[in-house]
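One structure is given here, and the rest of the page talks about it.
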């Protein structure tokens, strides 16, 4: 649900506030003074996306670096390191976009804008299902920009996944090893590096063997995803998981990402989400908790019996 809320907010934040007091979504203009749809305008969404991407990367990388990878406990040094990382990331993304999409940006700049339509709409803007988006070259640029941005959001999601879900699996093992070695109890548990390495190996091996099944379900079977929608879903889910990891809360990155993908679908309209797939996912969530508990009780009983016979 938090993932859904963040995605819905991310889509609503695509509203641009222009200098004349109008909110603009795609080619829909709403008078900011009274909230009435006044006219339809065409704006260069492609160039706006290309210009905004480095800024978004700078803010995101700076925030993540400062929160998760501070090189120093001294605030000015940590802030300087975060700002330098953000600037480097923004420069790199800007160079890649200009190099790979430069011909499209030039083409879009030389194209004459389409005539404005003096039409009045009374659509409900609670969900973004009725908004017209970019077309033609502008659409290619937007998808190209967010294609590169989605690589970063996927890395962000993988980092958040490793910081929470893998920790969920390593936690009991680290606690058991600490008890076996007579280590500290409570929250003072030292996790060996080889245990962390085994956790990383496990997540990579699982992705290679059966990961394609979950990838197909999330990527294709819930709702139709594009680079922009995929970026919104991944960034929203990763933000939630990373905050939870920082607070020490064990949550499921997969559940959060599913909620985020559903949020992207609902933002386009309630009929854009496949109800059958969502129903199967929700049932699996409800079933796995008691089934996992039952299997844990069964395995504990079996191992207790075996150890009693051996010892």
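Glycine residues also receive a Cβ, built from the backbone N, Cα and C atoms like all the rest.
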Fill in the blank from the handout: Matching 14-33, 74-93 to TrEMBL annotations, transmembrane segment lands on 74-93
Practice task
Name the residue range among 261-281, 282-302 that TrEMBL annotates as transmembrane segment.
Solution key: 282-302
Problem - Same-chain residues near the transmembrane segment (48-68), Cβ under 8 Å, at least 6 residues beyond its ends - result: 16, 78-79, 81-83, 85-91, 93-94, 97-98, 101, 105, 141-142, 145-146, 148-149, 152, 156, 159, 235, 242, 246
Handout entry: Remote residues contacting the transmembrane segment (74-93) - C-beta distance under 8 A, at least 6 residues beyond either end
Key = 53-55, 57-63, 65-66, 148-149, 152
Completion exercise
Under 8 Å Cβ-Cβ from the transmembrane segment (141-160), and at least six residues away from its ends along the same chain, one finds 45-47, 49-50, 53, 56-57, 60, 64, 68, 89, 93, 96-97, 100-101, 104-105, 108, 133-134, 226-228, 230-231, 234-235, 237-239, 241-242, 245, 253, 257
